[in-house]
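A.B. asks: Got these off Swiss-Prot a minute ago, pasting:
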type     : residues : note
TOPO_DOM : 1-36     : topological domain 'Extracellular'
CARBOHYD : 6        : N-linked glycosylation site
CARBOHYD : 21       : N-linked glycosylation site
TRANSMEM : 37-63    : transmembrane segment
TOPO_DOM : 64-76    : topological domain 'Cytoplasmic'
TRANSMEM : 77-103   : transmembrane segment
TOPO_DOM : 104-114  : topological domain 'Extracellular'
DISULFID : 114-192  : disulfide bond
TRANSMEM : 115-137  : transmembrane segment
BINDING  : 121      : serotonin binding site
TOPO_DOM : 138-155  : topological domain 'Cytoplasmic'
TRANSMEM : 156-176  : transmembrane segment
TOPO_DOM : 177-198  : topological domain 'Extracellular'
TRANSMEM : 199-220  : transmembrane segment
TOPO_DOM : 221-287  : topological domain 'Cytoplasmic'
TRANSMEM : 288-312  : transmembrane segment
TRANSMEM : 315-339  : transmembrane segment
TOPO_DOM : 340-357  : topological domain 'Cytoplasmic'
């Protein structure tokens, strides 16, 4: 019983020369506040601008779809669903993640808000990823099956994809809360993160990323093959020049009639076909860039998210932040990519702003 008393009196009467040791012990028990260097302030400011730009751009796309009557049909309902998920990322996820970064990745806002933030994070990001997948599937079917993929079928299929997107995202995000599938908040260490339960890690990463990744890669491979096949079939629809004169005799009806063919070019391509091919090429390029940016943004995060709990690999905090915000940035790039390859949005933006003035 004397040992704690002596330690207490020693700690209270510690001379100033031993002050660094006492402060070191205090830091072990309770981490100090993060030092806001100029570089850190700059990074946090840029992240704040990213959140604001993501919200503004997606809200503009969503408002345009709601205001312009011609956009009240497919595939713009898929774009609206994607814009909603990305707006929610900017409103519900990014601000609290920015607070988390500002406090040195320590969560000081309580268990309830931590659970709500993680659920919104998984819900909105998963929905954004599956909305990209739905747009890629819609483009694939419209390019490769444009005869049977009618407007009525397209509308029904797109509505089903939107419903499945949000249903699957809800199940993945609420599974830890509803079924006690791991813990998201640790009060002693002030940690707030997605459940590290290995079974949930496999379930969530496969459902939120690896499955849609396989779908979009398969879709783009099929689009590439379809485009390559169309180029090949277009070449076979023409007759090349004949190097030498060829005599063709019709011996059955007119024995004395001779045709001389020196050059013949037959094409089956109309102006409508050319317009359709140009539209399909733009759509294929848009889907390719959309998929490429999606993979670049989310692949590092989900690789570490899967390997870290399964292999007990402690990823440095700085890399966790980089990979997480790189994934968030996909919500900023999505509307930029889609509207850049759709001329109707450019004219719709002009009409929208002209009416506001």
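Every residue gets a Cβ built from N, Cα and C, even glycine.
Please situate the listed features within the shown structure.
C.D. replies: Same-chain residues lying 6+ beyond the ends of the transmembrane segment (37-63) with a Cβ under 8 Å from its Cβ atoms: 79-80, 83-84, 86-87, 89-91, 94-95, 98, 101-102, 325, 328-329, 331-332, 334-336, 338-339, 345, 349, 352.
Within its own chain, the topological domain 'Cytoplasmic' (64-76) is flanked in space by residues 83, 135, 138-139, 142, 151, 154-155, 158, 344-345, 348-349, 351-352, 355, which lie at least six positions past its ends and keep a Cβ under 8 Å from the stretch.
Here the transmembrane segment (77-103) has Cβ contacts under 8 Å with residues 33-34, 44, 47-48, 50-52, 54-55, 58-59, 61-62, 65-66, 109, 113, 117, 120-121, 123-125, 127-128, 131-132, 134-135, 138, 155, 158-159, 161-162, 165-166, 192, 321, 324-325, 328, 331-332, 334-335, 338 of the same chain, all six or more residues outside its ends.
According to DSSP, the topological domain 'Extracellular' (104-114) comprises 4 helix, 0 strand, 7 coil.
The secondary structure of residue 192 (disulfide bond), as reduced to three states from DSSP, is extended strand. Sequence-distant contacts of residue 192 (disulfide bond), defined by Cβ-Cβ distance under 8 angstroms and a gap of at least six in the same chain, are 100, 107, 114, 117, 118, 184, 185, 186.
Nonlocal intrachain contacts for the transmembrane segment (115-137), taken as residues 6+ away from its ends with a CB within less than 8 angstroms of a stretch CB, comprise 75, 78-79, 81-82, 85-86, 88-89, 92-93, 96-97, 158, 161-162, 164-166, 168-170, 172-174, 176-177, 184-185, 192-194, 204, 207-209, 212, 215-216, 219-220, 287, 290-291, 294, 298, 327-328, 330-331, 334, 338.
In sequence order, 93, 97, 173, 194 are the residues near residue 121 (serotonin binding site), counting only same-chain partners six or more apart with C-beta under 8 A.
Across the topological domain 'Cytoplasmic' (138-155), the model assigns an average pLDDT of 87.
Within the chain, the transmembrane segment (156-176) has long-range Cβ neighbours (under 8 A, six or more residues past its boundaries) at 74-75, 77-78, 81, 118-124, 126-127, 130-131, 133-134, 137-138, 141, 182-184, 195, 197, 200, 203-204, 207-208.
Same-chain neighbours of the transmembrane segment (288-312): 129, 132, 135-136, 194, 196-198, 201-202, 205, 208-210, 213, 216-217, 219-220, 223, 319-320, 322-324, 326-327, 329-330, 333-334, 337-338, 341, counting only residues six or more beyond its ends whose CB sits under 8 Å from a CB of the stretch.
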A.B. asks: Just give the helix, strand and coil counts over the topological domain 'Cytoplasmic' (340-357), going by DSSP.
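C.D. replies: In the topological domain 'Cytoplasmic' (340-357), the DSSP-based counts are 15 helix, 0 strand, 3 coil.
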